[in-house]
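As recorded in TrEMBL:
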SIGNAL    1-28  signal peptide
DOMAIN    29-324  domain 'Plant heme peroxidase family profile'
DISULFID  39-116  disulfide bond
SITE      66  site 'Transition state stabilizer'
ACT_SITE  70  active site, proton acceptor
BINDING   71, 74, 76, 78, 80, 89  Ca(2+) 1 binding site
DISULFID  72-77  disulfide bond
DISULFID  122-320  disulfide bond
BINDING   165  substrate binding site
DISULFID  202-227  disulfide bond
């Protein structure tokens, strides 16, 4: 064992530096109790607006959950997906005419600002709304870690250049995309279970129902009725179908049961069960809803930890659509 000796001044400096390091580290940590004293009613405020929106349109729950995913995968969970502008993330190809729910986030922000002006970030509102959406639609509840701050800019190029996996992605591409965000293949399969709720546009699933072989024929024909083969560029591109047709407004594990029966709506759904490395996970989740929900919650918390702005970084936007 080698013993190091320090002068008293060096020791004092080392202790001071270590103390600063600890303070810096703790400020960068998200906390379930972040607003307990600063805005104790924030969770009630968010849930009341989400509950009203989902009661009016159950699909909105899936839309709010997807907003969180698309926010976190582009430069971290920083609310950048909410910013307006001609070169904003909203206008990036994966998001344009696809992401929904901005008006619900704005309504939540308005309500929260009335309670606690300048305290709660838009990024945290998106995270809470995603959790509430899942829970309201019958899924699990978990404590959301909070303390994110908002970015002052969007990231159009990053959102446009493959950070967000496409519905046409292969299994290898999905695994790689999630790995780039610090998420495992298991996290990816669990998070894909978000497709137990929500709907997709004909433009997104049309190719699969006409051209792919690993699809149950009656399921494909049923979907073709609402999605003509030559719909490209026509209004019928916007016709929607449920991502999970058995219980489309209930958060459960039927999504995985459908995959086993070759009834995944998107190509990126069915690749999870097509003779590859994730087949066993799909089968496990199809047989055990609790295992799915537990892994889903774990993955959501991990995703919520992607590159948050904390401490003095970023800002608390007054309006979610524009920087201060």
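FYI, residue positions are counted from 1 along the chain as it appears here.
Even glycines carry a Cβ here, placed using N, Cα and C.
Unlike curated records, TrEMBL annotations are generated automatically.
Non-local contacts of residue 89 (Ca(2+) 1 binding site) by the CB criterion (under 8 A, 6+ apart in sequence, same chain) comprise 70, 74, 80, 81, 83, 95, 154, 155, 156, 159. Of all the disulfide-bonded residues given, namely 39, 116, 202, 227, 320, none has its Cα within 10 Å of the Cα of residue 77 (disulfide bond). Recorded residues residue 66 (site 'Transition state stabilizer') and residue 72 (disulfide bond) have their alpha carbons 10 Å apart, per Cα-Cα distance. Contacts of residue 320 (disulfide bond) defined by a Cβ separation under 8 A and a same-chain sequence distance of 6+ are given as 79, 82, 83, 102, 105, 106, 109, 122, 125, 150, in order along the sequence.
In the predicted structure, the domain 'Plant heme peroxidase family profile' (29-324) carries a mean pLDDT of 96.
When the disulfide-bonded residues 39, 72, 116, 202, 227 are screened for a Cα within 10 A of the Cα of residue 78 (Ca(2+) 1 binding site), the ones that qualify are 72. Residues 70, 72, 73, 75, 77, 79, 81, 151, 154, 155, 159 surround the recorded Ca(2+) 1 site, their Cβ atoms falling within 8 Å of the Cβ centroid of 71, 74, 76, 78, 80, 89, which are themselves excluded.
Between the alpha carbons (Cα) of residue 116 (disulfide bond) and residue 76 (Ca(2+) 1 binding site) lies a span of roughly 25 Å. Counting only the Cα atoms, the space from residue 72 (disulfide bond) to residue 165 (substrate binding site) is about 13 angstrom. Considering only the recorded positions 39, 71, 76, 165, the residue whose Cα is spatially closest to the Cα of residue 202 (disulfide bond) is 165. Fewest other C-beta atoms within 10 angstroms, among the disulfide-bonded residues 39, 77, 122, are seen around 39.
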